[in-house]
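Remarks on the structure that follows.
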Amino acid sequence: MTYMLTNASKQLQFLNAADKEQSCSFLMSAMAPAFARKLTGLVAATFTPFTTQGEINITEIGRYIDYLAEKQGISSIFVNGTTGESMSLNVAERKILAEEWCEKAKGKMDQVIVHVGCMCLKDSQELARHAAQTGADGIAVIAPSFFKPNSAEALRTFLHEVSSVAPTLPFYYYHIPAVTGVNVPVTSVLENIEELIPSFRGVKFTGIDLMDFGQCVSYSQPHWSVLYGVDEQLLAALAMGAHGAVGSTYNYMGCHVSKLMSAFENGDLIQARTIQFKMQELLSYAKKQGFDLGVNKQLMSEVSGLCLGPPRLPVVPCPTARALSIAQKYHSIFPEH
């Protein structure tokens, strides 16, 4: 492989600009770490189970994975992210959870992506090393949101510093500007990113700027995954070329959204829109009731029967009546489940 790359590099000087650009892209792909599987399809962003006393409850994780696999048809998970209340967990808790998710997912999930982003670079690096040792299939990193990167270059540098301690793991940038306040266009972050992060394998794009998203898809390399994270707009993202989706509602709507994706792939836009509109009807109703992480978590408990416990402060627990009202709406919209 080294001989082939060396000779190919020498030959670049004889190519015209267009051919040279294409050949450079090939060389970057060839020199990047080889990972077997591309992350596609539906990925559930998991909730973190807590006891009623507010401690992490790893005993529920095995049942949780079984539910996702058997009832929702989910084959990949994104753990310790926003839905998983990562920023309300300490490093030790996140390590314990990552270990349990990876262990219980063996033979049941195709991929476990562990979010390792923190406000502190050293904490992110510690979690990235741990994820590699634990057997995660990839890591994701959110932009720091207290001291924020003020440019694409600053953000890329931060991402590089995290990825460099776990170079054998596929690396994903997690873009969620509504939470982080970091509005650096993702397309500017992606420019020549594999020169800095050879393990880079894609983006979890949780934003409503579909032009930026579309440009990410257009710019993406064949081995990248550009995944959409705004569940109520999934169909629009699929039309833009999304390779898959990561979201919290796929914990309890995964079986329905899988039908949406299949309908889209088969060219049945009427069926795909029908399912998307049902999702929007539920989420619109939930938002009118006051829909936040605490409500979403309790809704998952009501629909699944899992004991996920309350959220951790400052997110407050959901009133039981509100969760039951939204659960009833869910069953009225999706009576077959």
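In case you wondered, yes, glycine gets a Cβ from its N, Cα and C as well.
Database features, via TrEMBL:
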- Y174: active site, proton donor/acceptor (ACT_SITE)
- K204: active site, schiff-base intermediate with substrate (ACT_SITE)
- T83, V246: pyruvate binding site (BINDING)
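Known features from TrEMBL, placed on the structure.
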residue	record	DSSP (3 states)
T83	pyruvate binding site	coil
Y174	active site, proton donor/acceptor	strand
K204	active site, schiff-base intermediate with substrate	strand
V246	pyruvate binding site	strand
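Cα separation, the residue listed as 'active site, proton donor/acceptor' to K204 (active site, schiff-base intermediate with substrate), rounded: 5 Å.
Here the CA atom of V246 (pyruvate binding site) lies 7 Å from the CA atom of the residue listed as 'active site, schiff-base intermediate with substrate'.
Cβ neighbour count for V246 (pyruvate binding site) (all protein chains, 10 Å cutoff from its Cβ): 27.
Within the same chain, the residues at least 6 positions away from T83 (pyruvate binding site) whose Cβ sits under 8 Å from its Cβ are A45, T46, F47, S248, N251, L293, N296, listed in sequence order.
For the active-site residues Y174, K204, the largest tally of other C-beta atoms within 10 A is found at K204.
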